[in-house]
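Worksheet: one structure, shown below.
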Ligand SMILES: *Cc1c(COP(=O)(O)O)cnc(C)c1O
């Protein structure tokens, strides 16, 4: 049966769950009826089968290869989304005397992270962009990292506001923890400089349902012993991410995406080059529009993944969104908390889609100017 042609899927600029590569979708479609090596539907294969244990092992190895990770890291596939990690991180790492981990408040998602951290401890907010409305990220001279913090937490890409750090933050002698949910495996990330990296799958690398957690073994030495089993990273490490029934389907799709990254794309440098080209094209269109389209983020902090912009009035934005839908584009509405327009350009979105969007934007501008 041929894959159903749906033009909108190729023009899906959704903020998440995001567009997946067509080559991966074709394999997923087949696997719903039958995974060739097994002869069963992916939706009915035991998580205890040798085949699935092989899937987890291959996926773990693929992620190690893509990021150049050595055996000092555990690679876990967990449920609960990135949100579950907002709590598991402080629950795991606050065993020492200093209960004031450092957090950066750079946008909507780091605000959510902080809300959960405050239930566990008294985090120190090192910098906040809240009073400025999160239009920019801090420069190095605004950040005075302390040497005795138990850890530093930040969000590498603020998905809602379209702000992305293009450098690694913090001190090498304080564990770095990073929510990379919306830019994980979109580029090389110097993973070995972090103690914990977590990222759910549904932006760049798969469907919702699974979260990748990379954690350095040495962090687990002084963990509290009284955590509920599921919330203790050691349970998942011991069980090889098979502590309770894992999301078999989501994990399988992430495996297919990592194969695509390795074999079709050629690794994270190549993925980054493609992603940079898409973003450059879109931001160029904003900058050359004579102020018709207004980029939201400070230029130096612009996200390669999520380009957030406004038009002069909310009415004009509504006309833009409605015309874009008529033209076959989808997912361009900004996040409900800030409105405006957001074009998310995750790994699975092709350059061609951005070329079409830029063309559409130019036509829309001409039509509005002449009417
Ligand atoms: C989307 C997003 C989240 C939310 O993750 P869930 O898997 O829904 O819990 C968290 N952090 C960032 C940076 C995100 O973009």
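Glycine too: its Cβ is placed from the backbone N, Cα and C atoms.
Caution: TrEMBL annotation is automatic and unverified by curators.
Residues or ranges marked as domain 'Aminotransferase class V' in TrEMBL: 12-357.
If you take the C-beta of residue 48 (L-glutamate binding site) and look for same-chain residues 6 or more apart in sequence within under 8 angstroms, you find 242. The L-glutamate binding site annotation in TrEMBL covers 48.
DSSP assigns residue 82 (pyridoxal 5'-phosphate binding site) to a helix in the three-state reduction. The pyridoxal 5'-phosphate binding site annotation in TrEMBL covers 82, 83, 109, 159, 179, 202, 244, 245.
Within the same chain, the residues at least 6 positions away from residue 203 (N6-(pyridoxal phosphate)lysine) whose Cβ sits under 8 Å from its Cβ are 15, 16, 17, 18, 159, 181, 182, 183, 184, 305, 344, 346, listed in sequence order. Look at TrEMBL and you will find 203 tagged as N6-(pyridoxal phosphate)lysine.
Closeness to ligand 1 is met by 82, 83, 109, 159, these being the binding-site residues among 82, 83, 109, 159, 244, 245 whose Cβ falls under 6 Å from the molecule.
Neighbour density around each Cβ, counted as other Cβ atoms within 10 Å, peaks among the binding-site residues 83, 245 at 83. Around residue 202 (pyridoxal 5'-phosphate binding site), the same-chain residues at least 6 positions away in sequence with a Cβ under 8 Å from its Cβ are 16, 17, 18, 208, 209. For the binding-site residues shown (82, 109, 179, 244), fewest C-beta neighbours within 10 angstroms: 244.
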